Amino acid sequence: MIETARAAAPLPHRQASGAVQRPVVLVGLMGAGKTTVGRKLAQMLDLPFVDTDQEIEDASRMTISELFATYGEAEFRALEARVVARLLDDGPRIVATGGGAYMNEGTRRLLAERSITVWLKAELDVLMDRVMKKPTRPLLQTPDPRATLKALMDVRYPVYALADLHVPTRNVKREAVAREILDQLERHPHFKA
Ligand SMILES: Nc1ncnc2c1ncn2[C@@H]1O[C@H](COP(=O)(O)OP(=O)(O)OP(=O)(O)O)[C@@H](O)[C@H]1O
Ligand SMILES: O=C(O)C1=C[C@@H](O)[C@@H](O)[C@H](O)C1
Ligand SMILES: [Mg+2]
């Protein structure tokens, strides 16, 4: 279900509203803050916010874990790619992707043509702290989730690095991360000041 951000209270960047020419798509590993920061950024820009994991769960009426268990990862990835592609047809908005969405080459090509991509980059310790708060993520159901996350980092970080903007998340507040994205967006050619 597409969620529309409620009118935000006046903020320093409010004049930027409506100036994003393309969807802004957040990519990065589980726990990087794509959903949390994406929602904040959408409020700041007064744009709709969409989370692909949520879209998939709403459409299938199943949780991501149930989808993995019932249909397998490959089917989930195919559905995810279709959902991301469809969201690019709906005009400027903030899109939080699932952690693996950007690993699909076709998805990356589409996103490069039609969106502004933002990599939320985080260190392993920060990610571990965060993902352990909700330990249901299907890919981390392993004997050593930290080693699994590290292995995913090694494979994925060179790919996430292809995104247009790189924003470190560290242990800064979600508002500060959203503002850093906004600062970088304002310097991007598809953002009209
Ligand atoms: N900047 C931040 N500071 C503190 N906590 C944060 C920050 N960003 C996210 N979190 C917390 O980290 C957890 C994971 O965040 P979130 O769900 O937004 O990550 P995600 O990138 O969307 O992960 P996934 O790929 O699994 O959907 C949440 O509990 C969230 O509240
Ligand atoms: O990093 C990943 O591959 C995933 C991240 C989550 O957002 C979900 O999309 C799912 O758990 C897979
Ligand atoms: Mg998320």
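Glycine is no exception: its Cβ is also placed from the backbone N, Cα and C atoms.
The shown structure was predicted, so the numbers you read here are calculated from the model rather than taken from an experiment.
Shown in sequence order, Asp51, Asp53, Gln54, Ala96 are the residues of the chain, 6+ apart in sequence, with a C-beta less than 8 angstroms from the C-beta of Thr35 (ATP binding site). TrEMBL lists Gly31, Ala32, Gly33, Lys34, Thr35, Thr36, Arg137 with the feature ATP binding site.
Among the features that TrEMBL reports, Mg(2+) binding site is placed at Thr35.
Residues annotated as substrate binding site in TrEMBL: Asp53, Arg77, Gly99, Arg156. Neighbour count (other Cβ atoms within 10 Å of the Cβ, all protein chains): 18 for Arg156 (substrate binding site). Arg156 (substrate binding site) falls within a helical segment according to DSSP.
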Neighbourhood of ligand 1 - binding-site residues from Gly31, Ala32, Lys34, Thr36, Arg156 with Cβ under 6 Å: Gly31, Ala32, Lys34, Thr36
Listed binding-site residues adjacent to ligand 3, that is, members of Gly33, Lys34, Thr35, Thr36 whose C-beta is under 6 A away: Lys34, Thr35
The one of Gly31, Gly33, Gly99 whose CB sees the fewest other CB atoms within 10 Å, among these binding-site residues: Gly99
Count of other CB atoms lying within 10 Å of the CB belonging to Lys34 (ATP binding site): 28
